[in-house]
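**Q** Please read through the structure below; I'll follow up with questions.
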Amino acid sequence: MKFIDEASIRVEAGDGGSGCVSFRREKYVPDGGPDGGDGGDGGSVFLQADENYNTLIDYRFERFHMAERGSNGRGRDCTGHGGVDLILKVPVGTRAVDDETQELIGDLTAHGQKLLVAKGGFHGLGNTRFKSSTNRAPRQKTLGTPGEVRSLRLELLLLADVGLLGMPNAGKSTFIRAVSRATPKVADYPFTTLVPNLGVVNPRPGQSFVIADIPGLIEGASDGAGLGIRFLKHLERCRVLLHILDIDPIDGSSPAEAAKAIVAELEKYSPKLAAKPRWLVFNKTDLMLEEDLQERVDAIVAEMDWQGDVYTMSAFNRIGTKELSLKLLDYIASLPPIDDSIDPDSEVEFKWDNYHEANTDSVNEDYNDDFDDDFDDDDYDVEVIYQR
């Protein structure tokens, strides 16, 4: 199945049902009073994370989604039934953004998690609600409010502990094949990897972490060169980044300059992503003599002015990959757990906070119920005239 990590959709919640004007009329009950029921609430639209989904391709072809409208109220105090909620299944790791306001609505990071993206309209009131000691036969009602309408941008961000980044043909896909059972395509030409790949690494029995491989970056990627930087978003949730360098590029280019270009593209995309823990990993060390290897590594590190962790490996021959996997496992285990809980005291102002209150007045502005204040049933009775 084709991997699609972005989709734009339009969601419409159901309108609320209108109230009913009705009166109880039975034999021997001439003054039964009002019995108009309320309308039903409109159905809401939810996103729900499902681990059985791994792409947003369905929403590329089906863009409009509408929940059910609430039914109108009826006589005998019958309340209209509420509209059925619409639940849209999305992959775990999906982020929902309002296309108009660019506000982040929420992230779905766990299987079964639900997110309200469009709230159904409120129900209208029947005339029973307006009965009072001075108004025994009210003839007013209210209409249901419209449901919320949103244009959403869905973004799928892969959930991984370790992210791989580097130039094309640095050996990222070869590394993920060496340490996991993932089988991304490997070839001797640039941009072999066209979509992100995930692999589960098991360095020790019962202990594992997830690693993500994204297409390679080149200088100018932020301006659209190569495959651009659109896949960098899949590294945003990673705990640590592995910056893989070809220690001896076949084209004679400088590994230090290549590394600086990658860092520059990271900073252009997101300073927060560029500030994540990053390890420098030199690959293809089997192509050099052992006595020249350390000297070459030291020279590149000095040219980069690198102060972080440095590792060497040969992903093709699986030399140093096991040790690196164990280091990653221990490092991830030492990090504090990610707190995904939401502060219940935090106040977040969304676009639709006052939506229903604002619409309640507008949808009912045509209803003038002043004539109800002095309404008397006797005014509508049959007039009997006696003559002598």
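Placed from the backbone N, Cα and C atoms, the Cβ positions cover glycine too.
According to Swiss-Prot, the protein carries these features:
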BINDING   166-173, 191-195, 213-216, 283-286, 314-316  GTP binding site
BINDING   S173, T193  Mg(2+) binding site
DOMAIN    1-159  domain 'Obg'
DOMAIN    160-333  domain 'OBG-type G'
**Q** Can you name the binding-site residues among G166, V195, P215, K284, S314 whose CA is within 10 A of the CA of S173 (Mg(2+) binding site)?
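**A** Within 10 Å of S173 (Mg(2+) binding site): P215.
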**Q** Around S314 (GTP binding site), how many other CB atoms lie within 10 A of its CB?
**A** 21
**Q** State the count of C-beta atoms found within 10 angstroms of the C-beta of K172 (GTP binding site), not counting that atom itself.
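**A** The Cβ of K172 (GTP binding site) has 30 Cβ neighbours within 10 Å.
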**Q** Check each residue in the chain of G166 (GTP binding site) that is at least six apart in sequence and keep those whose C-beta is under 8 Å from its C-beta; list them in sequence order.
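**A** Spatial neighbours, sequence-distant, of G166 (GTP binding site): K172, G216, L217, H243, I244, L245, D246, A258, I262.
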**Q** Give the three-state DSSP assignment (helix, strand or coil) for S314 (GTP binding site).
**A** strand
**Q** Given the model, what does the mean pLDDT over the domain 'Obg' (1-159) come out as?
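**A** Its mean pLDDT is 86.
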**Q** Test of understanding: give the count of other CB atoms lying within 10 angstroms of the CB of P215 (GTP binding site).
**A** 25
**Q** Of these binding-site residues, V195, K284, which scores lowest on Cβ atoms within 10 Å?
**A** V195
